[in-house]
Amino acid sequence: MSEDQGQQGQRLSTARGSTCLKQTMTEPALSAGLGTDGPVGAAKDNIRVRIQSRRRSRLLSRLGRKIPTQGRFTVGWYFWFLLIYTSLAVEPVKSHETHSHSSDAEGTSHQDVSDRRNHPCHTPRPSSHSQADSFESVARGQQKEQSRTMREDAVSPVLLDVKRSQSTPVELAKLVSLKLSTSFGSRTVIRRSQPGVRQSVRAAQLQRMMLDRGNPKRERSSGSSTPSSKSSPVDSVSTAPTSVSPGSLAPSGSTNNDPASGFKHIDSQADLPERPLSPVRESPMVSPTIQTTEATAIVKVFLETHFHTLLSGLDARTQRRLELDQYIETFPLSPEEVVRVRKHWVTQERDYLRQYRVLKSRPQDKTSRAGTASLAGFEPLKILGRGSFGVVRLVREKRTDEQTQSGRVPLAPKTNHRQAMTGVKKDVFAMKVIRKSVMIRNCQEAHLRAERDFLVASAKSRWVVPLIASFQDQKHLYLVMDYMVGGDFLGLLIRHNILRESIARWYVAEMILCIEEAHRLRCIHRDVKPDNFLISESGHLKISDFGLAFDGHWAHDQWYFTYQRHSLLKRLGIQIDGDAEDQKLSHDANIQSLGTTREDGSMEDDWIHPPTNGLLHWRDKNQTRTMARSVVGTSQYMAPEVIRGHPYDGRCDWWSLGVILYECLYGFTPFASEDRHQTKLKIHRHLQTLYFPVHRPTDKLVSADAIDVINSLLQEKEFRLSSPKYKQNDAISSKPAKCSFYKPDSSNPSYQGHYVYPDDATDIKSHRFFRGINWEQIHRTSPPFIPMVRGWEDTRYFDDGEHPSDREDDSSDSELDGVQDKWHPLGGKGGLHKPDKPLKADVKPSSYPKGNDGAKDTAIASLKHKKRLKEAKRARDKILRDKRLRRTVLEMLRCLVVVAAT
């Protein structure tokens with residue numbers, strides 16, 4: 001049967017080949033008969049035949065075939081025979097065994113076709129329904145075979161979906177084009193610097209697995225799945241294959257003999273087997289550390305405060321430009337002068353940005369403070385005062401050689417006689433050098449941010465010491481302030497003991513304007529005392545040291561910074577042991593690491609669970625404090641509501657003003673005692689303890705108006721002389737502790753946050769004691785005292801600057817567990833103590849002079865140079881009291897302070 005079928009197929013192929021040959025031979029004759037007559041037509045036919053023969057020869061030469069040239073119709077016959085052979089006598093490409101490859105087409109006959117069809121491994125021609133799939137699979141597989149094989153001969157013929165009918169020129173063009181593009185097209189080679197397995201390998205493996213599942217009865221052999229042949233110039237590959245071939249995915253040593261295994265097509269992903277993916281290898285779970293917690297807290301604080309500043313619309317450069325425009329509109333300047341002024345402004349802005357970038361980009365000196373100051377353009381000269389938080393230095397702006405030669409920076413005159421420095425060019429400044437470690441241990445991040453923000457806001461104020469520059473290094477913060485050559489007002493009191501009533505009236509009037517300016521900027525000073533009023537070169541007063549100032553902003557609340565750290569520690573499960581006292585308390589009372597009370601109010605659920613969307617708006621609405629509660633300040637000048645821990649407002653500053661006026665007229669504070677505890681008890685019972693001495697001659701010189709204004713200021717806040725605007729706060733203060741977050745009525749035209757109101761000294765100014773004071777022109781009047789120095793570097797008014805003080809700061813039970821000193825800019829020191837802890841350092845009334853002869857009492861002289869014994873300091877944050885973590889946390893928290901002061 002097989003022989004009969006082979007002979008029948010041979011006869012069928014021969015018949016079809018002869019038919020095609022006859023058609024090819026008769027085409028020129030037909031065209032010659034139909035086209036032209038005579039020898040001219042015959043010549044044209046011969047030319048046409050030669051052109052066709054040359055085209056076919058070039059085509060076949062590109063296909064790698066050698067063309068016989070005998071006879072006129074040999075080329076056409078050979079071409080059509082090759083086409084018939086390709087369409088009828090082709091077997092599919094097999095990926096499961098090695099085939100014998102055909103040689104060149106020269107000498108091919110119909111007997112070869114018959115032998116191929118009689119081959120035992122020959123597969124019948126697939127049906128027309130699967131011809132498209134077979135063609136697509138063959139083309140894909142053949143491309144992969146060519147890219148994988150390094151050197152290979154001509155590839156076995158591919159089964160094409162061509163009909164057995166007579167071919168037309170269009171079909172012939174499609175056939176040749178497809179043959180050239182699929183079999184002998186140009187190869188694309190992708191070169192990678194680091195060759196690796198592609199992501200498509202897994203998909204190819206899944207397809208292979210799907211094929212294996214569909215043919216369970218496949219026979220396996222040890223032969224190679226890729227046909228091998230001799231090298232051919234057409235199929236030679238210069239580099240390793242970059243694509244994945246189907247045969248390369250099969251396991252080594254096992255191949256499939258099913259001829260259709262390489263042609264199965266997966267139409268959709270639904271045919272893929274549903275198998276669970278292998279788990280991805282990951283690094284082992286890492287336990288969170290304190291470094292992670294602190295870094296996260298620092299980033300959160302920075303992002304929230306930074307974007308709050310951006311969204312608030314407070315652009316300093318825009319404000320300066322608006323001020324420039326206002327200046328140009330105010331003065332009648334010519335167009336040339338306007339251009340010159342604008343160019344000068346642009347130059348200043350450019351220089352500022354350049355210096356800012358230099359300070360940001362250059363590495364800071366970790367050990368030398370002089371190196372950092374020099375980098376910022378300042379040269380340290382001498383020390384003005386010392387404090388527990390740092391030191392105040394007199395610095396001079398560095399001059400360049402060009403400025404010195406051109407005379408742009410005139411030098412201050414150096415003389416041997418003292419003179420007033422009014423109108424003389426100032427080239428020196430006072431620079432605060434604050435130690436970060438001390439600030440962090442005392443939890444002063446929020447206070448430092450509040451001080452800097454207020455100084456920036458008060459840059460154009462007449463009554464506030466202006467901030468010139470601020471920068472930092474790894475260990476210190478630097479605030480460059482304007483230099484007040486006259487020293488502080490406390491030094492003036494020490495030198496003169498008691499002031500005459502007219503002089504005291506003038507200075508207290510300027511103090512009122514200073515405090516009122518701070519309230520106009522929505523800030524409660526909370527540390528009003530003689531130390532914080534500085535005397536300028538003209539003799540007028542300016543207020544300074546806003547380290548304890550309160551403005552209600554959530555970013556100026558120390559609890560906000562503490563909560564960021566402790567909440568993360570609680571979520572991550574990091575245990576904080578603290579020191580021995582903390583461990584004892586935790587063991588006895590089972591106290592959590594995070595306290596249940598906060599600095600300025602109770603810890604509510606809203607604080608513990610802030611929203612994820614609209615966080616900044618939520619903080620502005622819910623965490624902006626409308627009343628202050630912290631027990632801060634200097635004990636002798638603290639108001640009774642502050643000592644009691646009740647909610648208070650800006651009226652506490654006017655109480656301190658009454659104490660200062662009393663001290664100016666009598667030489668000592670009204671509630672001075674041997675220790676702070678007794679001082680606070682006297683303030684608490686001020687109605688019984690306040691008295692006005694009359695046994696000295698100077699006491700009789702105090703007028704009744706002065707006594708009345710002092711008595712009106714030293715009252716409970718509901719009856720204190722200030723402004724009627726605060727009356728609405730009295731109802732709020734009678735509510736529970738949550739009133740510090742009371743939502744006020746913003747419809748009030750004078751609303752500023754309820755804790756402070758602008759122009760809140762109307763009742764004080766209208767008192768008869770200040771009759772004759774021109775409040776609008778007082779800054780133009782001649783002051784009672786004008787400092788006389790030999791030059792800007794003369795610091796005679798600061799040599800006596802070690803004044804005793806008992807300043808307190810944030811004695812909340814949730815944060816304060818020990819005694820802390822607080823720094824002030826002129827060398828005074830103060831401690832921070834609990835209200836019920838007795839301490840020494842208050843000044844007795846008997847220590848002050850008993851007469852008006854101007855002699856200095858020996859007790860005051862000894863107090864100026866006395867060094868108070870420092871008690872052992874205990875960090876206020878439990879994390880900083882832990883011996884295992886405090887060093888690491890302290891180093892990381894320095895970055896937080898840097899962000900706050902930059």
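The backbone N, Cα and C atoms fix where each Cβ goes, and this holds for glycine too.
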Have a look at 1-22, 397-418 and point to the one annotated region 'Disordered' in Swiss-Prot. 1-22
Which of the three DSSP states, helix, strand or coil, fits D527 (active site, proton acceptor)? coil
Taking all protein chains shown into account, the Cβ-based neighbour count within 10 Å for L384 (ATP binding site) is 24
How many Å separate the Cα atoms of L384 (ATP binding site) and D527 (active site, proton acceptor)? 21
Pick from G390, V392, D527: which of these recorded positions has the biggest number of other Cβ atoms within 10 Å of its Cβ? D527
For the C-alpha pair, I'd like the distance in angstrom between R386 (ATP binding site) and D527 (active site, proton acceptor), rounded off. 18
Please compute the mean pLDDT of the model over the domain 'AGC-kinase C-terminal' (771-831). 62
Cβ density check for R386 (ATP binding site), other Cβ within 10 Å (all protein chains) comes to 16
